[in-house]
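Colleague: According to TrEMBL, the repeat 'Solcar' annotation covers 1-93, 104-193, 201-286. The signal peptide annotation in TrEMBL covers 1-15.
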Amino acid sequence: MALCVLAGAVSGVVADLVTHPISTIKTRLQVQGAARHLGASGMSVYSNPIGALAQILRAEGVGALYKGVGAVVVAAAPAQALFFVGYEGSRDALEWMGGQKARNSAWGTFGAGFVAQLVGSIAWVPMDVIKERLQVEGQMAVKEHYGGSVAAFRRILRSEGVSGLYRAYWIHQATWAPFNGLYFMLYESFKKFAKDHDLYPKTWEGISAGVVAGAVTNPMDLVKTRLQVARSNPGVFDYEGPVDCAVKIARREGVFALFDGVGARVLLIAPRLTIAVATYEVLTGLLAAWL
């Protein structure tokens with residue numbers, strides 16, 4: 001289990017740092033619809049991920065793409081370590097109860113991914129709240145400047161309490177627990193298929209699983225993101241909870257608005273999970289051989 005913790009921590013940091021600019025673009029695309037339909041002026045609006053990248057670089061510079069990266073550096077390692085402890089621990093428990101068949105079954109893998117997310121969220125949710133508020137502050141019509149990840153942490157804790165750091169906790173679970181369950185179920189199935197049919201390169205397994213799971217869970221992720229940044233600009237985000245948020249988005253912006261940012265989300269998730277899982281598997285193999 002110690003190997004899982006170390007490998008999970010390293011893989012999470014590597015994956016999050018590499019894909020952070022895409023995360024910033026995804027977050028901004030998901031929140032921009034609120035400005036158009038609430039009459040807010042001055043919020044940057046982007047047409048697509050490439051357009052967002054060009055506009056951010058032109059207006060704010062490359063540093064804007066790395067807003068909130070401090071929170072990622074601090075929280076990604078413990079979050080990812082907890083995640084893989086939950087995943088491997090769940091699979092070990094399944095094996096103890098039902099043998100290898102239970103451990104490797106599709107639903108067993110889904111359940112392990114689900115549990116892993118619940119465990120990892122102890123660190124992931126506060127990281128998300130801080131990261132996303134910093135990522136959108138250069139976009140906001142009424143700008144809320146936190147001054148960095150540490151300052152944001154202190155300010156949220158002081159003004160909103162601990163609950164502010166866990167804002168939208170349950171919709172976070174509704175987004176990522178099914179996502180991780182679906183991802184690992186697909187990943188293990190694709191991996192077995194690739195092994196049985198000698199298909200290479202093996203990275204397609206993680207990419208394919210990430211694309212499907214990311215697209216399916218985008219509506220919940222969009223609701224989560226808007227709720228987590230809402231307190232930084234209540235004049236734009238007038239939501240009272242996950243259901244109210246989803247209903248207002250569908251009514252004001254159309255049902256398809258729930259899929260805003262899906263392209264950027266897929267572009268974020270596919271490489272992020274591929275990097276994380278590949279790094280994790282390589283490190284566990286190396287550490288097992290060395291220790």
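Along the chain as shown, residues are numbered 1 onward.
Yeah, the Cβs are placed from backbone N, Cα and C, and that goes for glycine too.
Keep in mind that what you see is a predicted model, and the values were worked out from it rather than measured.
Context for these features, please: burial, neighbours, distances.
Modeller: Here the repeat 'Solcar' (1-93) is broken down by DSSP into helix, strand and coil counts: 77 helix, 0 strand, 16 coil.
Taken together, the residues of the repeat 'Solcar' (104-193) have an average pLDDT of 86.
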Colleague: Can you count helix, strand and coil residues in the repeat 'Solcar' (104-193) using DSSP?
Modeller: 73 helix, 0 strand, 17 coil
Colleague: For the repeat 'Solcar' (201-286), what are the DSSP-based totals of helix, strand and coil residues?
Modeller: 71 helix, 0 strand, 15 coil
